[in-house]
Amino acid sequence: MTSALTHLGAQGEANMVDVGDKEETTRTAIAEGFVSMQPETLKTILAGNAKKGDVLGTARIAGIMAAKKTHELIPLCHPLLLTKISVDIEPDHALPGLKVTALARVTGKTGVEMEALTAASVACLTIYDMAKAVDRAMLISGIRLVEKTGGKSGDYKVGA
């Protein structure tokens with residue numbers, strides 16, 4: 001683990017990291033999040049019967065769009081030419097609820113962790129928004145980086 005925060009200057013001021021001299025490499029990040037809900041809410045979403053429409057399809061697109069706008073949402077994030085973004089949403093009947101997995105990929109000079117995390121977060125928020133009329137007690141949890149590959153800092157995988 002790195003001991004220094006890369007976005008802070010000598011006086012503690014926030015700065016955008018200069019990545020100009022870094023090598024371009026293929027970088028991938030996978031993030032996940034969960035939306036817990038009542039079993040009946042999950043059943044309604046999976047059946048495609050939510051009043052607002054296709055919850056899963058809309059959340060998937062929202063996550064993809066959010067990843068592309070990460071640099072506009074998070075200060076000091078570099079704009080990236082993303083080569084792939086995918087958002088997968090699967091039922092988890094044990095929660096009960098939905099598991100969101102977002103993958104972001106780029107060939108560039110900086111990582112895509114924030115893009116994957118933003119995609120997962122916004123997909124979860126969209127699920128909540130589209131189903132809140134029937135279940136305001138839904139819980140968004142477990143947003144985290146699961147895996148990253150590429151770049152100077154090396155690879156990372158949860159539990160490894």
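Heads up, residue numbers simply count up from 1 along the chain you see.
Every residue gets a Cβ built from N, Cα and C, even glycine.
Taken verbatim from Swiss-Prot:
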- Asp129: active site (ACT_SITE)
- Leu76, Cys77, His78, Met114, Glu115: substrate binding site (BINDING)
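Distribution of Swiss-Prot features across the structure.
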residue: Cys77; record: substrate binding site; contacts (Cβ under 8 Å, 6+ apart): Thr70, His71, Met114
residue: His78; record: substrate binding site; contacts (Cβ under 8 Å, 6+ apart): Met16, Val17, Val19, His71, Lys109, Thr110
residue: Glu115; record: substrate binding site; contacts (Cβ under 8 Å, 6+ apart): Ala29, Ala67, Lys68, Thr70, Leu80, Leu82, Ile85, Ala104, Val106
residue: Asp129; record: active site; contacts (Cβ under 8 Å, 6+ apart): Lys52
Have a look around Leu76 (substrate binding site) and count the other CB atoms within 10 A of its CB, chains all included.
12
Once the chains shown are all counted, how many other Cβ atoms turn up within 10 Å of the Cβ of Met114 (substrate binding site)?
22
Which value in Å gives the longest Cα to Cα span across the substrate site residues Leu76, Cys77, His78, Met114, Glu115 as recorded?
13
Write out, in the order they occur in the sequence, the residues of the chain not among Leu76, Cys77, His78, Met114, Glu115 that have a C-beta within 8 Å of the mean position of the C-beta atoms of the recorded substrate site.
Thr70, His71, Ile74, Pro79, Leu80, Thr110
